[in-house]
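Annotated features in TrEMBL:
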- Cys2-Cys8: disulfide bond (DISULFID)
- Cys323-Cys352: disulfide bond (DISULFID)
- Cys402-Cys424: disulfide bond (DISULFID)
- 559-580: transmembrane segment (TRANSMEM)
- 609-752: domain 'TIR' (DOMAIN)
Amino acid sequence: SCDAIQLCNCSSMGLEFIPPGLTAKITVLNLAHNRIKHIQSQDLKQAVNLRALLLQSNEISSIDEDSFQSLEKLELLDLSNNSLAHLSPVWFGHLFSLQHLHLQGNSYGDLGQSSPFSRLRNLSSLHLGNPQFSVIRQGNFEGIEFLHKLWIDGSNLSQYEQGSLKSIKEINHMIINLRNSNIFSEIVRDLVHSVTWLEVVEIKLPVLKKSLVQNSTRPFRMQKLTFKGAYFTDQTISRAIVSLKEITSLKGLQAINCVLEGKGRWNTKEIARSGQSFVETITIIRAVIQNFHLFFDLEGMESQIIQLKRLTILSSNVFMVSCNLARHFSSLLYLDFHDNLLVNKRLDETICEGSWPSLQTLNLSQNSLKSLELTANSISRLPKLNNLDISQNNFGEIPDECKWPKHLKYLNLSSTQIPKVTHCIPQSLEVLDVSGNNLKEFGLQLSSLKELYLTRNQLKTLPGAAPIPNLVSLSVRRNKLNSFSKEEFESFGRMELLDASDNNFICSCEFLSFVHHEARLAQVLVGWPDKYVCDSPLAVRGAQVGAVHLSLMECHRSLVVSLICVLVFLVILLLVAVGYKYHMVWYLRMTWAWLQAKRKPKRTLPKDVCYDAFVSYSENDSEWVENTMVRELEQACPPFRLCLHKRDFVPGKWIVDNIIDSIEKSRKTLFVLSEHFVQSEWCKYELDFSHFRLFDENNDAAILILLEPIQSKAIPKRFCKLRKVMNTKTYLEWPVGEQQQQVFWENLKGALKS
């Protein structure tokens with residue numbers, strides 16, 4: 001159960017005894033909330049380096065006298081909430097280093113006849129007492145000279161021997177539960193020279209008849225007196241005010257969760273005769289006053305409040321202070337009426353002309369004020385006011401102009417339901433809080449403003465820097481902020497703190513680039529990096545902004561898409577160029593035509609043949625074909641029937657189908673070859689679609705006429721069938737002489753008849 005620094009946690013393990021085998025390595029031993037009943041001599045003998053021993057909430061009823069003898073380095077011992085019926089000085093005799101001792105919640109009725117703590121020279125805090133604790137005797141605290149904190153549960157204390165606590169020279173803070181009011185005065189008399197802050201719990205304050213400083217000489221040490229859960233009446237308060245004036249060092253009074261049975265009918269004459277009060281600070285929290293609306297206005301108490309500098313009355317149903325009384329708070333600098341029942345009409349009476357003349361700080365938060373204009377008008381009567389808190393009042397509206405104190409520096413208007421900010425906000429402000437108002441924008445010109453709090457609003461962007469040039473601290477936490485740019489950030493030249501946490505950030509590339517490259521950002525942003533989380537894109541939702549890195553595609557999507565489009569266009573352009581150079585279109589169209597032709601049934605019946613020959617020629621050779629060859633062949637005896645594209649193609653029919661049909665309806669195909677034929681676009685892209693079927697069916701059906709000399713190498717490679725035929729078959733060559741021409745025609749006619 002021990003960790004690296006030898007802190008051993010054995011709490012709540014059901015142990016009935018201290019486990020054996022403890023060594024000198026252990027520094028902290030937690031045995032709380034077990035069932036240990038007895039501590040024996042040998043249990044802790046080896047734990048010589050123990051610094052803290054926690055034994056609270058066990059069932060310890062007996063401890064051997066030398067059980068703690070070896071614990072000279074022990075600094076904290078907690079034996080609270082056990083069953084110890086007595087305390088032995090021998091237990092603590094060797095605890096020379098002990099600083100904190102907790103003994104409350106046991107069953108002892110007293111501390112014995114002498115002091116159990118006489119050897120504890122370094123003791124700093126002591127907690128003791130229980131419901132059975134009833135007697136404090138002289139000498140019980142001998143040996144203790146200084147305590148930072150002394151806590152005594154004396155809820156049933158019935159006997160206190162005068163001078164018992166005088167032996168302690170100095171106590172910073174003492175808390176005592178005391179229901180027996182008869183011994184209150186005796187304890188206070190013993191403590192006025194030693195205690196700085198005395199806190200009395202659950203007392204029903206008696207009527208103090210004797211002096212609290214009887215036979216005591218100055219100087220006194222007591223500076224602060226607190227009552228918690230106490231019960232007062234008009235009579236006891238009157239006497240207490242008079243008696244406490246005798247403690248001239250007393251500067252602060254507190255009353256927390258106290259009950260006053262009365263209506264404020266205090267003996268103001270006796271109080272006034274006793275002289276001025278030295279108290280400078282009064283704090284009243286959650287005071288319960290039956291029939292508070294019938295409470296008197298404390299007329300006659302004016303002389304007691306002249307020296308008062310700080311007054312705090314919280315959650316106590318205050319609804320007004322009379323104008324006359326308010327005018328006598330001549331030294332008051334700080335006034336806090338948080339969570340009370342002030343309304344605008346009563347506030348106008350509370351802050352009348354000449355009231356609170358020195359007031360610098362005023363807190364009226366969480367009251368029942370409804371009009372900001374009337375509130376400002378009342379407060380404008382406070383000439384020295386610097387700080388004002390009127391938050392958590394339901395104003396609902398804000399006027400265009402307001403009247404304020406001239407030197408107002410701090411204004412808290414948070415959670416007041418104002419829908420916007422107007423020139424009602426004073427120009428003199430250095431600190432402004434308008435959090436929690438659902439504001440959608442902030443564009444107010446406040447040249448002196450140094451701190452601006454806009455938490456819990458609806459802002460989508462940072463406020464402009466130009467109207468607030470001297471801003472040092474800005475809070476836009478929990479708004480609708482998506483991002484902020486480098487320009488926006490740098491526009492606040494004097495910014496030292498920016499709290500933009502708990503917003504739904506869109507982690508765009510621009511925003512992330514700014515975040516990753518702005519070195520000063522980590523020093524300025526409050527809560528960085530834990531409180532700055534991405535809301536989108538979806539892939540990084542929930543991730544810390546500073547840890548997100550988006551890909552190139554995510555950051556420059558449009559650029560990447562543009563580049564891809566350009567690349568695709570270039571590839572297509574390249575393919576077109578390559579296709580053009582290598583005649584890919586021709587091959588594709590030829591293939592398509594061939595596939596179309598393949599689907600058509602082969603001709604089988606002779607009656608389907610309409611022509612003796614289909615003539616394939618270039619348009620540039622049309623004069624020879626039409627005027628010479630056609631006349632010669634079609635006027636022969638018997639005449640030959642030739643198919644010419646100009647004359648015999650079916651109008652409106654696709655040219656490729658015309659070519660294929662014409663070839664199928666012809667016994668032979670005449671190719672009139674020339675340089676024009678080879679270079680002709682017609683021959684290249686339309687006429688030669690017939691090659692596939694023509695040469696696949698019957699190579700003998702082709703008759704080649706060479707109109708002019710042409711090398712087979714000059715024929716484009718795509719005419720592979722034609723090149724092959726020219727290399728393997730005889731072709732007719734058109735002669736120049738007339739005699740040879742007759743032989744040419746005879747040979748051609750013979751070829752057509754074969």
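Each residue, glycine too, has its Cβ placed from N, Cα and C.
Bear in mind that TrEMBL entries carry predicted annotations, made automatically and left uncurated.
Sequence-distant contacts of the transmembrane segment (559-580) (same chain, at least 6 residues past either end, Cβ-Cβ under 8 Å): 552-553. Around Cys352 (disulfide bond), a 10 Å sphere centred on its CB holds 17 further CB atoms from the protein chains shown.
For Cys402 (disulfide bond), the spatially nearest entry among the disulfide-bonded residues Cys2, Cys8, Cys323, Cys352 is Cys352, judged by CA separation.
In terms of C-alpha distance, the listed disulfide-bonded residues Cys323, Cys352, Cys424 place Cys424 closest to Cys2 (disulfide bond). Rounded to the nearest whole angstrom, the C-alpha distance between Cys424 (disulfide bond) and Cys352 (disulfide bond) is 22. The Cβ neighbour count for Cys323 (disulfide bond), using a 10 Å radius over every protein chain in view, is 16. The separation of Cys8 (disulfide bond) from Cys352 (disulfide bond), Cα to Cα, is 64 Å.
Here the domain 'TIR' (609-752) has a mean pLDDT of 77 out of 100. The disulfide-bonded residues examined here are Cys2, Cys8, Cys402; by Cβ neighbour count within 10 Å, the least packed of them is Cys2. Rounded to a whole number, the distance between the Cα atoms of Cys323 (disulfide bond) and Cys8 (disulfide bond) is 63 Å.
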